[in-house]
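J.: Pasting a structure below so you can have a look.
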């Protein structure tokens, strides 16, 4: 099966890590162009050393390159504001081009591969939510397939060193996009997301805490669902793991808790603690937040490439 050519816009931490993953592990993808805006960026320099065509003139530079004619899929690892402009420009030049959005812009539907990739494989633009979303939404979905989820709250703690300027500029968008995706993809009636940039030295690995309030259900069934979901995520993010056993607390009807925006709640509280270790393709292993974003985007693009190849075969 012929490989589909891809470009990456954004030569920062996420874009560079993704490029290395495609070059090393791409099965149906061929790395064609790395796009940046800083001619001195490490990502562009590394791309050139690895034999990848580059431009430092942004999306306009990409569209002016001869390689652009053959590109089927573009990853955007810039910022939420830039992605809106990039999508418009690329869509005008190539209406059927596929965009995988690694910013919180969310023009297209949210995609968390283990939960809803099959439903979104033919979309022209998919949004990879956020690193916190990719790590925690599978856990919310694991509970919601067993019991009705009224509220889910996630806290993502990442090493400050792993957060580049794009991540820092998009903190508000991070919380908004993740909260919404907890509801839309995770199945919670109400979602909340919190991000912590941990300045500790040496840097600590990505840690995520997930609290889910649901109708009462079998705790064994919920724990089994969570363990099964964690294994499914590990298929494309090997460093993803439960830090300890799932914890449960029954909130009785005569002692309900009051949730802002939700009201009185009684039922089952499920607590999940996660750790995400990075594959250290570009940044060290503590940057699991980068790894889960780039691994999820890669898994999505691989499925898209297979779908495009099948369609091309059917058309022929």
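Just so you know, the numbers here start at 1 and follow the chain as drawn.
Glycine too: its Cβ is placed from the backbone N, Cα and C atoms.
I grabbed these lines from Swiss-Prot:
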ACT_SITE  131  active site, acyl-thioester intermediate
BINDING   11, 12, 13, 14, 162, 163, 164, 165, 166, 167, 168, 169, 170, 289  NAD(+) binding site
J.: Neighbour count, 10 Å Cβ-Cβ cut-off, for residue 170 (NAD(+) binding site): what number do you get?
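T.: Its Cβ has 22 other Cβ atoms within 10 Å.
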J.: Which Cβ among the binding-site residues (164, 166) has the fewest C-beta neighbours inside 10 Å?
T.: 164
J.: Roughly how many angstrom lie between the C-alpha atoms of residue 13 (NAD(+) binding site) and residue 131 (active site, acyl-thioester intermediate)?
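T.: Cα of residue 13 (NAD(+) binding site) to Cα of residue 131 (active site, acyl-thioester intermediate) measures 13 Å after rounding.
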J.: Looking only at 11, 12, 13, 14, 162, 163, 164, 165, 166, 167, 168, 169, 170, 289, which the record lists for NAD(+), tell me the maximum pairwise CA distance in angstrom.
T.: 17
J.: Write down the Cα-Cα distance for the residue listed as 'active site, acyl-thioester intermediate' and residue 170 (NAD(+) binding site), rounded and given in Å.
T.: 12
